[in-house]
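Student: According to TrEMBL, the record shows the following:
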DOMAIN    21-142  domain 'Cadherin'
DOMAIN    142-244  domain 'Cadherin'
DOMAIN    246-358  domain 'Cadherin'
DOMAIN    358-471  domain 'Cadherin'
DOMAIN    472-572  domain 'Cadherin'
SIGNAL    1-24  signal peptide
Amino acid sequence: MKGLRMLHLVGAFIFVASLRFAVASETRLSDNINFNSKVASLTALSRDFPPPPAGDPSGYYRVSLRPYQTQLEGFFVVDRLGTISANRDIDRDEICSKLDCCGSLECRMEFIASVTVRPADSARTLTFQLVLIDENDEAPSFPNSGPIDIREDAVVGSDNVKLPAAVDKDSPAFSVKAYNLTDPTGTFAVVLKSGVPHIKLLRPLDRETEPQYQVTLRANDGEHEGSVVITVRVGDVNDNPPIFDQGTFVKSEFPENRRVNNDPISPLTASDKDAGRNAKVIYRIAAVDPPTLNSFFDVRIENGFWGLFLNQSLDYEVPQQRTAKVFIEARDQGSPPQSSTCTVSISVTDINDNEPVIKELANYQLDEHRPPEVLVKAIQVTDADAVSIGKVQCMLESNPKFKLERNTISSPTDTVEQATYNMYSTTTFDYEVAQEEKVDIKCLDNASPVRTTRQSFIIPIRETNDDPPKFISKSYFKQVDEDLSVNRQALKVSATDRDKGFYGEIEYLLDEIGQRNFTIDSEGSIKVKVPLDRETAKNLRFNVIARDRGNLSDTATVVIELLDVNDNDPYYTGPLIASVQENSPPGTR
């Protein structure tokens, strides 16, 4: 605390009667007056100041002090001896705002002193001023200041961002003279623009490398210094694209029976060095190769996480669904947005979900009576499962009359099992005993789990012409009337053939003699061709032939006896002239 220091006295106190004013005077005081410090004395300043009477038995002597500015009420007091003292600690920098003098080196305080000596006398007054002279006793200070923001794309040399200005309670003569900025990184400096400090950028900023800086700003008023630590935040600019955490190429492999559910086939995570919306990433499918699989995939959030999901199951047995590439775009929400792409390479693995398929390639004729080892059928077996390649086996489950042999020229592909088998006979066959044979083929893939296919085939036996026709009787005899009408049946013959089908079809023929009088149809019915005459021939003898389609034949003899009918008138066959002697007696020849 500084003591009172008298600087200058001007004029003298002149006491006048009531309603009269004394000549004004002023007393200049130094700053920072302590409580109870003497600042002025009425008796010291004016020889005319009436001292209090000795003993003042009447007690009428009065001295009072009143400020013209009501804001100063109670700041100073005066005692009976005229000594003026500070009634509190007084700092020019604290009261200047009340007196509207903070912008001036001096703060003037005007007072009126009143003295009453005797009751009959009117109060005597004096107007005077106490002038408080400022001292440089305050250091610059900074108001509470939050961080300042500078965009990371600010141009080097720019100085458009204000720094907090220091406040110095002293008068302008003792206010801030200079600013200084300390930055360990050498990125910033301070410049004054119209007396206001601004931060100047000395080096390029990159928020992703250094998101904020700590700098110290100092203000100096010539004697004192104040400082503040300021946080400089680097404002984000969307200058970084999202980067996929798993890289730009990801492999995803799963079996074809993978279920469609909420488990992603590939989680999607990307990091963006920017901040705020510039770092908020969303995902979408940019393309699918092949495009026919677009509907099979989806990108969405499940349980708070992005991922690539199946919309429908893939089938390894469909070649176009075995592999796919899904191009995922990660895009931030900046303006303009930044994006990057990740390729998810999908491979579908095979499971044993298909049975072998048996296909008939060729049929061959199996003639009866052929010796064994006749090729009767060729089959092909395929299995769409890659896990079955080289494992498929086929066998006969029934009928030991045949055998199945794998063809050594079977040629499976890289993804499909494919084999051919030949079926051979192991015995001879008789069409007349059985016209066909049934065989059952079983094929199994020997994968896990084992899948089996069964298929039945009918093997037809082809007949050969190994049996000739046979007449039921080697000879036929029939009596018919000689007047049997034309086209009427005279006799029916019958032959059989053990062969069936084509070779069992029989046609009937008559020999040349038989054809003169008769015809024969396919049923063996012999009919009259021309009128018959017993008187011409009593017995008709001829041969009938039974012939099959293979030109094998049999012959039978037919005898038809004609029975006489009364179909002729009598007629005379003797001489037409006879001689008789006259007068011959009856009975003469």
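Positions of Cβ are set from backbone N, Cα and C atoms, glycine also.
Can you tell me where each of these features sits in this structure?
Tutor: Confidence for the domain 'Cadherin' (21-142), expressed as mean pLDDT, is 83.
With DSSP classes pooled into helix, strand and coil, the tally for the domain 'Cadherin' (246-358) is 13 helix, 55 strand, 45 coil.
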Student: How do the residues of the domain 'Cadherin' (472-572) split into helix, strand and coil according to DSSP?
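Tutor: Computed counts for the domain 'Cadherin' (472-572) are 10 helix, 46 strand, 45 coil.
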